[in-house]
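Per TrEMBL, the features are:
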type     : residues : note
TRANSMEM : 43-67    : transmembrane segment
TRANSMEM : 88-110   : transmembrane segment
TRANSMEM : 214-235  : transmembrane segment
TRANSMEM : 242-261  : transmembrane segment
TRANSMEM : 392-413  : transmembrane segment
Amino acid sequence: MGAPPGYRPSAWVHLLHQLPRADFQLRPVPSVFAPQEQQYQQALLLVAALAGLGLGLSLIFIAVYLIRFCCCRPPEPPGSKIPSPGGGCVTWSCIVALLAGCTGIGIGFYGNSETSDGVSQLSSALLHANHTLSTIDHLVLETVERLGEAVRTELTTLEEVLEPRTELVAAARGARRQAEAAAQQLQGLAFWQGVPLSPLQVAENVSFVEEYRWLAYVLLLLLELLVCLFTLLGLAKQSKWLVIVMTVMSLLVLVLSWGSMGLEAATAVGLSDFCSNPDPYVLNLTQEETGLSSDILSYYFLCNQAVSNPFQQRLTLSQRALANIHSQLLGLEREAVPQFPSAQKPLLSLEETLNVTEGNFHQLVALLHCRGLHKDYGAALRGLCEDALEGLLFLLLFSLLSAGALATALCSLPRAWALFPPRNPSALCSGSRLSEPLLPAGLEPGSPLRSFPGCRRRPH
């Protein structure tokens, strides 16, 4: 199979393609891209399920850690004013984890942009291919109509004018037959006419899905960024209610991060299988959708010396017919015009039609060559298998960093929250023994609370 120009499977494609695959019964599955087969679908679902397993394990770890923190803490002695050891370390570990999450967000924005660029390149290649195919159909239709109009009008008029000379009428009828033969051969060049598959529709569907995928990732990235920033603000302001709200939001974003990781991993693995050898799958799928012969599809998708041009015979016969028409018109102009001056006008009109037809024919020869459509095929593969796959890998790294950072933050936030000083003035104004551990270190129990505004000493 000949690879498209400028496209070679990257190292990431080879690496992901070599990863083992298994179905739900853990039986090995070949790494051949076959999305219609149940075993291959199960293999990709199993790859996505690994992210679900990671989510479950992280939630279990967080739950065990928090239960141990809440239920197994040693009781503080009454009146103790010494902060618990390691409090600053817990806070800083939470801050570092959140900053690592912000770094992952930057990586996620880059990966989302790269993926979008790759899909846009795929859509552009499809649109260009659609333009080429539409131009071929338009040129064939226009040329056939011009030849048909010339047969019905100018050649008929010319035969009527030259009726006294039998040999000249025979030459005009010969030009008519050649024009009809050229039109018949040219009609077979519009190979995409009537095909149900439209590259334009495919490009629109791809762009529609990509638009919502891009928007969903932007919202996820912005949500995580807001969670990280507001959590850091809550830690800086020592706001318990803000930290509690951000803890709940962190748990939600953690679930979303693991879910996106599963989708990214399964998509990257499936895309690597496709990109390692895309020609057979694309050929089979296009043949099923279009019903075109394998000769035509192989010529455009492979475009090498081993595959001949399936339209070469039609092009040769059409070119020969146009050349015969041209020579016959020159002979008629030389022989008939001196004797029949009225024949000059239809002959000039026929020559103009023939010139336009030959121009269209040369454009058709260039458009029907495999270089143009094969170049679009290569551009689509490069966009999908290089930029889009690279973007997916960066999104996978973002999801991994995000999950790790949020899991660390969820373990650290409750401990940091427990170290915050009380915000209730009534507890500081109370003279009961229960409030004594919450008093400032420089204030002895029973001493007047003159430094706290709003506190009035109650009579004994």
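Cβ atoms are placed via backbone N, Cα and C, with glycine included.
Heads up, TrEMBL stuff is auto-annotated, nobody curated it.
Using a Cβ-Cβ cut-off under 8 Å and counting only residues 6 or more beyond its ends in the same chain, the transmembrane segment (43-67) has close neighbours at 21-24, 29, 254-255, 258-259, 261-263, 265-266, 269-270, 403, 407, 410-411, 414.
Counted as Cβ pairs under 8 Å, contacts with the transmembrane segment (88-110) are highest for 392-413 among 214-235, 242-261, 392-413. With a cut-off of 8 Å between Cβ atoms, the residues of this chain six or more beyond the transmembrane segment (242-261) that come close are 51-52, 54-55, 58, 217, 220, 223-224, 227, 230-231, 233-235, 395-396, 399-400, 402-403, 406-407, 409-410, 413-414, 416-417, 420. Same-chain residues lying 6 or more positions outside the transmembrane segment (214-235) and placing a CB less than 8 Å from one of its CB atoms are 91, 94-95, 98-99, 101-102, 105, 108-109, 112, 115-116, 242-243, 245-246, 249-250, 253, 256-257, 260, 395, 398, 402, 405-406, 409, 413, 416.
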